[in-house]
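S.K.: Sending over a structure as structure tokens; questions will come in a sec.
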């Protein structure tokens, strides 16, 4: 994805072709990375210029860093070294491998790479284009880039950045908060309302205070195991979904433009904090989100596109029933999708007699094209989150991926189940939980 900054570092991974560097297929290959910064002077090597200017990330196997200018101030020193290295290497783009599912994060720290791929406003096919002050107001763009750089520089394990919001941002937040609070009471599902009260109690949610990422992340960790990390903007589906597999939500921290407080062409912290957070505090919703993320890992391009649509029409635009049966008047429909819960106009539209509503059936949903600039052509409902989870599991069981995956919360890694040994290890890890459930059944716990 295109990153709108002339100074963004490019991470390159290489596979050495000579025998001395070639990894054995029987052993784990270490990943080597070369980090390149676009030159700020005229000494950039011609050999690396095309690579440094692409703004893409390359992935493979080992670890080394090359930057210019050198710490000693000797121009071209590292690049001259790199020229010799590049004579015997082949380049593989991480963005390409990530897009096809050939590579996916195995440890939670690998999300550092996924979070760098964001779509920003700019010319070309990879940029977001809109006739909106978010993209034309120079002062706002400057502030927006501050948030982008904060997210870009964040690495796993560091303290989550705390933001000093300005008065304009606080006024924008307040206007939206006041309006949505009224609509939430009328249209939001009970899980959302219950958890939103807790966010107000423990995380500083109020119309006069913008909550901080770290406070909300700590709260979610205690409630459902989810954590947050900053991201600079809109992500490609595969990069975003990968985070969910680790129970990590990539969260923006910038506030939408003040001239249009009730609409934004990009996700912003209002969407995240007033739409998503209350639902991520629900254990069942957290499980559903994790399983969508796990399904995306290693999935084919077509499968990932389908999974992204399942995510879109549930986590972003999902509806649930308040009663056992669906009423054509839609009076018993409640909203749990963040895209609706953070949008004044579409929230009211989705449950009005003007919208089209269908039962959530994955085979049908994956054929529905989502819209990011207009209201959806139709919305989908389930009786509850359990129904959505069951149907998701049935659908993902048909995937052609030649392995299964589990998230190991103890090691923050993805466990691949692709052999008899890995299957046995996974079974042993689950045995204690199954035995405890069986014991509870014997004790007549209902």
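Cβ atoms are placed via backbone N, Cα and C, with glycine included.
Pulled these features from TrEMBL for this protein:
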DOMAIN    89-445  domain 'Biopterin-dependent aromatic amino acid hydroxylase family profile'
BINDING   271, 276, 316  Fe cation binding site
S.K.: Counting Cβ neighbours within 10 Å across all chains shown, tell me which of the binding-site residues 271, 276 comes out on top.
M.R.: 276
S.K.: Over the domain 'Biopterin-dependent aromatic amino acid hydroxylase family profile' (89-445), work out the mean pLDDT and round it to an integer.
M.R.: 91
S.K.: Cβ-Cβ under 8 Å from residue 316 (Fe cation binding site), same chain, 6 or more residues apart: which ones?
M.R.: 337, 338, 339, 340
S.K.: Neighbours of the Fe cation site 271, 276, 316: Cβ within 8 Å of the Cβ centroid, same chain, sequence order.
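M.R.: Here the nearby residues are 267, 272, 275, 315, 337, 338, 339, 341, 342.
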